[in-house]
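Student: Shown below is the structure under consideration.
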Amino acid sequence: MLSPQFLILSLISGLQLLSLADADPMIEVFRWKQMDFYNRGDGHLSSGGRKDRPSFSAPVVFPGKYSRRKRKIMTSRDTPVVVSSRADSDDPNASYIPYNNVPMGATHFRGRLFVTMPRRRVGIPSTLNYIDLAEDGSNRSPKLRAYPNFALNQFNASAENLVSVYRTSVDACQRLWFIDTGMLEYPNNRQQIRRPSIWVVDLATDQVLKRFDVPESIAETGRGLASITVDVKAGQCGDAYAYIPDLVYRRLYVYHLRNDRIWSFEHNYFNFDPLSGDLSIGGQTFRWDDGIFSITLGAQKLDGSRDAYFHPMASTNEFVVSNRVLQQESNAARSDHGNDFRVLGSRGPSTQSTMHAYDPGTGVIFFDEIQRNGVGCWKTSKPISAENYGSVDSNAEDMIYPSDLSIDEDGTIWVMSNSMPIFIYSTLDTSIYNFRIWKQKASLAKRGTVCE
């Protein structure tokens, strides 16, 4: 006969296994050792490539106009001198250098997965790309297609073309929004070759609907413009607002599409936390001082307003402000914002985050966790705290530095992990998989966590 102690232990073990079974980790969709393109820009096309051929004329540079003093503490946008010296050997006219292509953003919309490739080194054929899931979805390491076409990605062919894009966003009107930083972030040779700009593309026609150059009076350079969040209701597409965090200058920019105007908010909550800037990721130990990095919009309230949740990357705190405050241009000129900007609380130790996104179907915000190499979650109906902050997945081997997180219209979370600290401070091993894209339904990702 089985002893009571054995039965109790068996029951506990079974409950633990059931709890583990309820949890649904992120699913690896794609992985790459090095990135490749259908059109590398060298005149040699892979299957499915276009016959566009780039011009290699020198870019137009504004010498010294946007220069900044060297920073003693670095952001994620800086490169150490020891690493910069290795990049000096790159051919400045090379159209494609495989090692230099590090993907940053991933956004899905109806069978197309948009993947960005910021120009932090030479040899990047196209900064804005996509994967056709119907055609290439079965390939675990698919090549990228330039979007909306290869020609528009050739910054040195026209002053109207794309320079460098970090992340994208799809709005309720089926439009793709992104910031072109206008900057070539080459080691020891950072160049602001044109003004940073906001772009809007119609995903039904792939036509550019709008390009807005950010004036120098608002943002001196595009160096800190790494993401964009769009606030618009379906059926009111002309009345869109875009919220753009500046991680370098620690500001929040608001662009109004209808009036074609942009304004800038400043607040202490946009600064990095000096106690949260020491990081250890992928075997690299370093210090970053990235300020406000990500903004996500919560559920619509009875009065029609929405909360805008935000955080600096070098911080474990979450903050909030009403979108009504941001949309009033006159508020940006105030010297004191009173209690309009609020501290919600800390997510807990080692929860520094790049991007986060709110899922309306579950009421949960999901976070990229760079220290934990994973994805976290918080149910917005609960107070934010370490106890109410959950872990969806964590993988120190395969999910090194999750750089982007977005949720599509079907409630699927998409995450990019790109080993960026290893690329910046050491050397990527090109014999192993360095870049991955993951996905999971938000309704499943929260199972078995405190975010239920």
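Heads up, the Cβ atoms here are built off N, Cα and C, so glycines get one too.
Here Swiss-Prot flags N93, N156 as N-linked glycosylation site. If you look up Swiss-Prot, you'll see 1-23 marked as signal peptide.
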Student: In three-state terms from DSSP, label N93 (N-linked glycosylation site) for me.
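Tutor: Reduced to three states, the DSSP call for N93 (N-linked glycosylation site) is coil.
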Student: Quick one: pull the CA-CA distance for N93 (N-linked glycosylation site) versus N156 (N-linked glycosylation site), whole Å only.
Tutor: 11
Student: By a simple count, how many Cβ atoms lie within 10 Å of the Cβ of N156 (N-linked glycosylation site), its own Cβ left out?
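Tutor: N156 (N-linked glycosylation site) is surrounded by 17 other Cβ atoms within 10 Å.
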Student: Can you see whether DSSP assigns N156 (N-linked glycosylation site) to helix, strand or coil?
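Tutor: It is coil.
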Student: Hey, what's the Cβ neighbour count for N93 (N-linked glycosylation site) at 10 Å?
Tutor: 10
